[in-house]
């Protein structure tokens, strides 16, 4: 008890020291937040919605109308952070660095799509200009769209409709583009995206601004296929464009053509602290004793003291629990463990064992990285077994949900052509999955290794193994498992090049002869059945078989399912093969 009393006293002194600092340190102006819009409580407190934007009960913000029975055309909406963001200091000209990242979906609902979505920085507060539908993306009015003197705005647009007068010139009328707009709707920097590859897929955009270099940079990737990446940059001094205190947010619009605009998550971090006026350094007079900084300091102090008491109580209770049960660690989420313990075979690993096995999740141990997170090679030293540790990304929109789904499903399955799950861990804020190590990696690495192509007997054996795995999932197990993401990067090869299907994060269980009920589009572009990609049908065993067919074509042809080319007939592998087949048979 003496040791704990000493520790408690030291912690209390630390808290009091922090409290004293909070009374004298000026309130900072940097901004940092991370919102997941599946939690509407967070959104309603911090986000202002305008126009047609609303919180969808499916865990995202809809920026434009998407309700059945209403017209989707001519819709405009905004979602903006409800506080100002400090971008540059008028007193000394210092400029902030900032980074923002967000996940969104532009979903096609008809043959004719339009117009797009944008991230913006503008005057505070955010307001939608009049008549800002369609081409104006909710950013400009028709009068101000090309008149830079009327605006103070920087926008990064994801434009799905080619407007010949306003948008960059393109000979491809079907091309979408990403662009950087400075005070007008005309993009000063842009890139065309053939076949509109950011449509109908959940995309993540990362935007960074370097205040010293005056460089604005965009990186865009497909969550389901991180190899699909696009980048864009522009040199711009934001001091010449924007006021020092700005609004940040998102805007979207439809015109005669329609689509849906869905925002799933958003993080923002800036670095600049507003300098305290030198006159404020003198001691306050009595009438200022309870000014805003002092009140904030008192509130922070009280909060920290209550937090300290809570932490001490928690640690004392956990110590008693460990001493009575002999457990090394306390499971952070009992509800998850209860679900996992229904399965057989895999077990829970302590976080420390996995950190040791992977050398602290060293980059040298990294086997690969995707939208879900990263995979590391490791050795469980006590058991001397080689493993692959999948570390779910903390930025994954549905990381916990996919983690739970994968463990619950794959821990119950036993088949020679399925990757074996050895264990799991959810601790230290991490979600970790431990698999048997596949020495030959994933199938896609071998299909596109021109130096050492797979022999035909091996390809044939891989196809048979994959078919056997899906037969087991669809027909032979006690329930029907719909995988929903059959593709070469999820097909692992053991030391004998036997195929083993893995990554069950999107998989769903259903009874045999019963349809799967889900409204969320999930999977990888190029491998999804068309009806699933458009959201007109639910995933099923048939859609899994469509994906299998694509993989078989890929194994046979050695070409990816979608490859942007000048010859439109050769963009889609399925359509190209089908055209060749029709020519041969007629």
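Cβ atoms are placed via backbone N, Cα and C, with glycine included.
When TrEMBL is compared with the stretches 290-314, 315-339, 340-364, the one noted as transmembrane segment is 290-314. Note on residue 390 (ATP binding site): other Cβ atoms within 10 Å of its Cβ, all shown chains, come to 25. When pLDDT values are averaged over the domain 'Protein kinase' (361-586), the model yields 84.
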